[in-house]
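What follows is one structure encoded as structure tokens, with my remarks underneath.
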Amino acid sequence: GKAPYSSVITHGFVLDEKGFKMSKSLGNVVDPEKVIVGGKNSKQEPGYGADVLRLWVSSVDYTGDVLVGPQILRQMSDMYRKLRGTMRFLLSNLHDWKPENSVRYSDLPKIDKYALFQLENVVTSMKDSYENYQFYKIYQILQRFAIVDLSNFYLDVAKDRLYVGGRVSFTRKSCQTVLSAHLLYLVRAIAPIMPHLAEDVWQNLPFQHTLDDGSVAEFVFNLKWPVKNEEWLSVPKDDVDFLSVILELRSEVNKILESARTGKLIGSSLEAKVYLHAENANTVSKLKELVSATNDADALHRLFITSEVEILPSVSSETTSGVSYTGTFSSERTGNIWIGVTRADGEKCERCWNYTRDVGSFLDHPTLCARCHGVIDLPPVPAAAAVS
């Protein structure tokens with residue numbers, strides 16, 4: 001007397017890339033098996049694997065007719081490879097990390113708290129989309145977050161902390177704490193759509209993940225969806241808003257750096273020094289706070305991936321003498337911000353490639369900056385401790 005299911009979803013037809021109905025006579029049929037394993041001509045019909053086909057299914061709004069064809073599948077394959085690259089970066093930089101090395105949330109730098117705040121919101125949105133069968137929204141979130149926001153900002157900025165900082169440095173450990181959270185959250189989020197990629201990631205996990213009952217999760221589908229983390233959402237709204245603005249400002253700074261690079265003033269962005277002048281007193285105070293951050297992770301020049309940032313009290317011919325590459329940024333929150341770029345002061349550190357005035361200050365290592373000198377002069381870790 002009732003339907004043998006709790007809900008039903010209807011979908012449209014699958015058409016070719018031009019929107020025509022598929023038929024053998026037209027030769028426009030897309031065979032799912034050939035998409036997965038490939039055809040006789042591997043160049044014309046490459047095998048993409050099941051995950052790419054499943055990713056395509058998640059990318060379309062199935063409530064209407066959907067299109068599929070060679071060009072669309074190539075785009076899906078590119079998206080898959082970029083996502084795989086992001087997961088590989090997370091795995092690679094956690095090779096020496098253990099859960100017991102986690103930095104307490106209260107001790108994390110602002111940029112790390114902001115990253116976890118974003119992650120929690122993104123995963124919550126993905127959960128809502130799963131529950132409402134809106135898979136195309138999950139695809140859009142993955143594309144925007146994992147590939148654009150995460151890779152182009154946080155992971156890009158994190159490289160200095162991961163590669164240059166000492167293995168036992170606080171900033172590296174705090175960054176790895178955030179990376180591990182992203183890995184454990186994202187692998188669960190992608191598993192229903194790309195189970196092979198998710199399991200591939202899980203089988204290469206460099207540390208053991210234990211479940212609530214104390215057992216070790218051998219497979220990715222042993223996991224449950226992550227429980228909402230209220231602490232990660234506790235970042236003050238003022239900090240969230242300002243760091244969001246900093247990301248927008250960073251994009252504008254990058255445009256000016258690119259102009260300076262085109263004009264042969266600089267090569268790498270680390271050869272640059274950025275000048276900022278803001279009219280809004282509150283903005284000036286917050287910018288100065290980032291410039292003089294006590295931890296290296298929140299320092300504004302690290303976020304811009306330049307060697308130095310200086311806040312100017314005014315913009316005049318005297319203060320901007322020699323600044324040939326300039327631009328402006330404006331938002332309702334910060335008001336107008338003037339941006340200038342010159343070559344960085346000091347000499348290039350041969351280890352981290354940052355330009356600082358302290359290169360040449362150390363007789364035993366005259367080509368290193370103070371940070372790198374401190375890292376390489378750390379006493380070696382005892383063999384017994386390294387094994388444990």
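A Cβ is built for glycine as well, from the same backbone N, Cα and C atoms used for every other residue.
What TrEMBL annotates here:
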type	residues	note
DOMAIN	1-66	domain 'Aminoacyl-tRNA synthetase class Ia'
DOMAIN	112-275	domain 'Methionyl/Valyl/Leucyl/Isoleucyl-tRNA synthetase anticodon-binding'
DOMAIN	346-372	domain 'Zinc finger FPG/IleRS-type'
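Distant neighbours of the domain 'Zinc finger FPG/IleRS-type' (346-372): 160, 164-165, 268, 270-271, 273, 296, 307-308; these residues of the same chain sit at least 6 beyond its ends, with a Cβ under 8 Å from one of its Cβ atoms. Confidence in the domain 'Methionyl/Valyl/Leucyl/Isoleucyl-tRNA synthetase anticodon-binding' (112-275), given as mean pLDDT, stands at 94. Residue counts of the domain 'Zinc finger FPG/IleRS-type' (346-372) by helix, strand and coil are 3 helix, 4 strand, 20 coil (DSSP-based).
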